[in-house]
Amino acid sequence: MLDPIAIQLGPLAIRWYALCIVTGLILAVYLTMKEAPRKKIIPDDILDFILVAFPLAILGARLYYVIFRFDYYSQNLGEIFAIWNGGLAIYGGLITGALVLYIFADRKLINTWDFLDIAAPSVMIAQSLGRWGNFFNQEAYGATVDNLDYLPGFIRDQMYIEGSYRQPTFLYESLWNLLGFALILIFRRKWKSLRRGHITAFYLIWYGFGRMVIEGMRTDSLMFFGFRVSQWLSVVLIGLGIMIVIYQNRKKAPYYITEEEN
């Protein structure tokens, strides 16, 4: 089993979980700032947005997680803020981040679709890296399996939990997001019929479908009245993505690749 603590500086423990999240954030900010001028968005505005959105998204991710496990946290109030032990729900962070983005874009007079389109692939790569934080914390895993011989030893050993090997669902989702990120990079450079909002729609459909399937493999899902919350939200994301494509096509939204770039 790998030590979840990466660096110990006296009483200060820096965990791999936090490092994975921060690494994903830094890469996401870099990629978004690099694409921003293409959509006539000032890179400094991206930094301003992150300074506001990131702490609020972390808060939203934790609040979402606590709400759906309130039976436990109502009896363990001291653990509500112990995010270093894990317990950040991606959907809570996404919902909070999207709300902050909408308000921020409106106040900065930035087209919301453009902002979402340049942010979507960055969010996806950040999610891909962030899932490795679950790996170090031994969470977000699936059902028991006989063996994991097809995986590298360090992953196999870390997925030996409570006397059994577990499906590395964190890895499946990480790779799924990485593939989605690569496809978006290709689409936004090569697909000339790509309209404003289509990248956002692709993200919603791609991530929603992958999460819906992978969530069904997990054994630690957040439940609500006997249903997996993330699977229901995944269905909503897929439906929303399809609606965005239809809406943007009907209103003949501007193409993502401008005539100057053709």
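Using the three backbone atoms N, Cα and C, a Cβ is placed for every residue, glycine included.
Residues 2, 46-47, 50, 54, 84, 86, 88, 119, 122-123, 125-134, 136-137 of the same chain sit 6 or more residues outside the transmembrane segment (9-29) yet have a Cβ under 8 Å from a Cβ within it. Sequence annotations record features per position, and here Swiss-Prot assigns transmembrane segment to 9-29 (among others) based on sequence analysis.
Look at Swiss-Prot and you will find 41-61 (among others) tagged as transmembrane segment.
Per Swiss-Prot, transmembrane segment is recorded for 80-100 (among others). Proximity of distant same-chain residues to the transmembrane segment (80-100), defined by a Cβ-Cβ separation under 8 Å and at least 6 residues beyond the stretch ends, is recorded for 13, 15, 17-18, 21, 49, 52-53, 56-66, 68-69, 73, 116, 123, 127, 130, 133-134, 137, 139, 222, 229-230, 233.
Look at Swiss-Prot and you will find 109-129 (among others) tagged as transmembrane segment.
Sequence-distant contacts of the transmembrane segment (167-187), counting only residues of its own chain at least 6 positions beyond either end whose CB sits under 8 Å from a CB of the stretch, comprise 120-121, 124-125, 127-129, 131-132, 134-135, 139-145, 148, 151, 155, 159, 194, 198-199, 202-203, 206-207, 210-211, 214, 217-218. Residues or ranges marked as transmembrane segment in Swiss-Prot: 167-187 (among others).
Per Swiss-Prot, transmembrane segment is recorded for 197-217 (among others), and the stated evidence type is sequence analysis.
The transmembrane segment annotation in Swiss-Prot covers 226-246 (among others) and is backed by sequence analysis.
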Surrounding residues of the transmembrane segment (197-217) on its own chain - C-beta under 8 Å, 6+ positions past either end: 113, 116-117, 120-121, 123-124, 127, 142-143, 167, 169, 172-173, 176-177, 180, 183-184, 187-188, 228, 230-231, 233-238, 240-242, 244-245, 247-248, 253, 256
